[in-house]
């Protein structure tokens, strides 16, 4: 039948070409002659006839190619020399020693802080009448108060302030180390009206007494102090005051609400807002216990001041201290020289050795000390031969002032080192005088001269100075200063 396959014809055998084109999943791969298919033409498998997958064998690593690991003989010592081990031990011991010394120093500093705080908390408040009549150092008290009034009168006003004109801007004052509030009356009589006064001190009892003094002034209608420039005016409106127990040298003051409200700029270029004046009278020397404290103090000052604000204060005179220390050391050198020259002959003429039980003990070298019946300065340890304190921190001495200070530890403030350090915080020196120089320059001022009479520094009729030579010597232990924030 043309065009079709004969039904009786046997199936054709496949040639080689057809075998090569057979798909890879043919029955030859699974060991069966033919692969059954379903109606759709898909392959079907008999699971029982499938062979399991062959397990893959890993190739073995060649043996003997890598060198065997060299084992350390038990008990063998590391390849470190005895000198290295000794140096390591010495470094460890040195670290331990430094850690002990640091801990001891921290403990001593805390003890000193506690001593100072306890001392000022314990000083009784005797009242103005006692200070004017019964105090043995009433002349010194009056003189120092007049000096502080001079500094406040001269440097608390803004540069563009015009005396005698009311209604001008008021100033904001931060008093670090305010103590019992002894300067509240002086600020009430400041040439430029004070709007806000913030007093801080680490001694809690002193802060309580400052609050009491402020309440007393408030009850008197703001009267306090003895007047200053324009002292003939009536009593001004009493300024607002806040008091806080705070160590302004050992910790930041920016956590105090009123400080943040006024404005605190911690950056070097701040100064848009802040206080007009920061005052530190007879207290800043405590900051020079360590460099860390001195810098913290200056950070607080610079952060609290606005640009153009003033830092005023009074501190011990480092020039006087250096001179006294140098003179003491020169005397000690001369004394040792004389002892050495006379020592051999005096011992040979004794005629024999020391008696049984006696010891020839070397003479203990005296530390630097000076003063009079009113005040005394004593260094507990060795001082620099040339009187120059290097480094400028941590030079402790004990200070005594009759009726006021009982052997309290204080610290030298080397003036040039302080001035240079202040420049790092944009504080530029404007004025620096000893108390004697201040008296000589301001005693005849048309305002400050009469103020000295009202404050009983000199006699109103005769002009005689009502301060003894001993009190003047004690007063000249101090200097006043003023810095501007630039």
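Quick reminder: no glycine exception, Cβ is built from N, Cα and C everywhere.
Listed features, source Swiss-Prot:
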type: BINDING; residues: 144, 145; note: mRNA binding site
type: BINDING; residues: 148, 177, 201, 247, 281, 282, 283, 286; note: S-adenosyl-L-methionine binding site
type: COMPBIAS; residues: 9-28; note: compositional bias 'Basic and acidic residues'
type: COMPBIAS; residues: 35-54; note: compositional bias 'Basic and acidic residues'
type: COMPBIAS; residues: 82-92; note: compositional bias 'Basic and acidic residues'
type: COMPBIAS; residues: 333-351; note: compositional bias 'Basic and acidic residues'
type: COMPBIAS; residues: 352-363; note: compositional bias 'Acidic residues'
type: DOMAIN; residues: 135-486; note: domain 'mRNA cap 0 methyltransferase'
type: REGION; residues: 1-92; note: region 'Disordered'
type: REGION; residues: 333-365; note: region 'Disordered'
type: SITE; residues: 180; note: site 'mRNA cap binding'
type: SITE; residues: 186; note: site 'mRNA cap binding'
type: SITE; residues: 213; note: site 'mRNA cap binding'
type: SITE; residues: 285; note: site 'mRNA cap binding'
type: SITE; residues: 410; note: site 'mRNA cap binding'
type: SITE; residues: 478; note: site 'mRNA cap binding'
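Here the features listed in Swiss-Prot are painted onto the structure.
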residue	record	Cβ within 10 Å
144	mRNA binding site	22
145	mRNA binding site	21
148	S-adenosyl-L-methionine binding site	20
180	site 'mRNA cap binding'	21
201	S-adenosyl-L-methionine binding site	26
213	site 'mRNA cap binding'	20
285	site 'mRNA cap binding'	20
286	S-adenosyl-L-methionine binding site	26
410	site 'mRNA cap binding'	22
478	site 'mRNA cap binding'	20
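Cα-Cα distance from residue 201 (S-adenosyl-L-methionine binding site) to residue 186 (site 'mRNA cap binding'): 18 Å (rounded to the nearest whole number). For residue 186 (site 'mRNA cap binding'), none of the binding-site residues have C-alpha atoms inside a 10 Å radius of its own C-alpha, out of 177, 283, 286. Considering only the recorded positions 144, 145, 180, 410, the residues lying within 10 A of residue 283 (S-adenosyl-L-methionine binding site) on a C-alpha to C-alpha basis are 410. The shortest Cα-Cα distance from residue 410 (site 'mRNA cap binding') to any of the binding-site residues (144, 148, 281, 286) is found for 286. Here the Cβ of residue 247 (S-adenosyl-L-methionine binding site) has 20 other Cβ atoms within 10 Å, regardless of which shown protein chain they belong to. Taking every pair among 148, 177, 201, 247, 281, 282, 283, 286, the residues listed as contacting S-adenosyl-L-methionine, the largest Cα to Cα separation comes to 22 Å.
With a cut-off of 8 Å between CB atoms and residues at least 6 apart in sequence, the same chain places 148, 175, 177, 183, 313, 314 near residue 281 (S-adenosyl-L-methionine binding site), listed in sequence order.
In this structure the C-alpha atoms belonging to residue 282 (S-adenosyl-L-methionine binding site) and residue 478 (site 'mRNA cap binding') are separated by 9 Å. In the compositional bias 'Basic and acidic residues' (82-92), helix, strand and coil residues by DSSP number 11 helix, 0 strand, 0 coil. Counting only the Cα atoms, the space from residue 478 (site 'mRNA cap binding') to residue 247 (S-adenosyl-L-methionine binding site) is about 23 angstrom. DSSP assigns residue 286 (S-adenosyl-L-methionine binding site) to a helix.
Cα proximity to residue 285 (site 'mRNA cap binding') (within 10 Å) is found for none of the recorded positions 145, 180, 247. Near residue 180 (site 'mRNA cap binding'), with the C-alpha within 10 Å of its C-alpha, lie none of the binding-site residues 144, 145, 247, 286. According to DSSP, residue 247 (S-adenosyl-L-methionine binding site) sits in a coil region rather than a helix or strand. Geometry remark: residue 247 (S-adenosyl-L-methionine binding site) versus residue 213 (site 'mRNA cap binding'), CA distance 21 Å.
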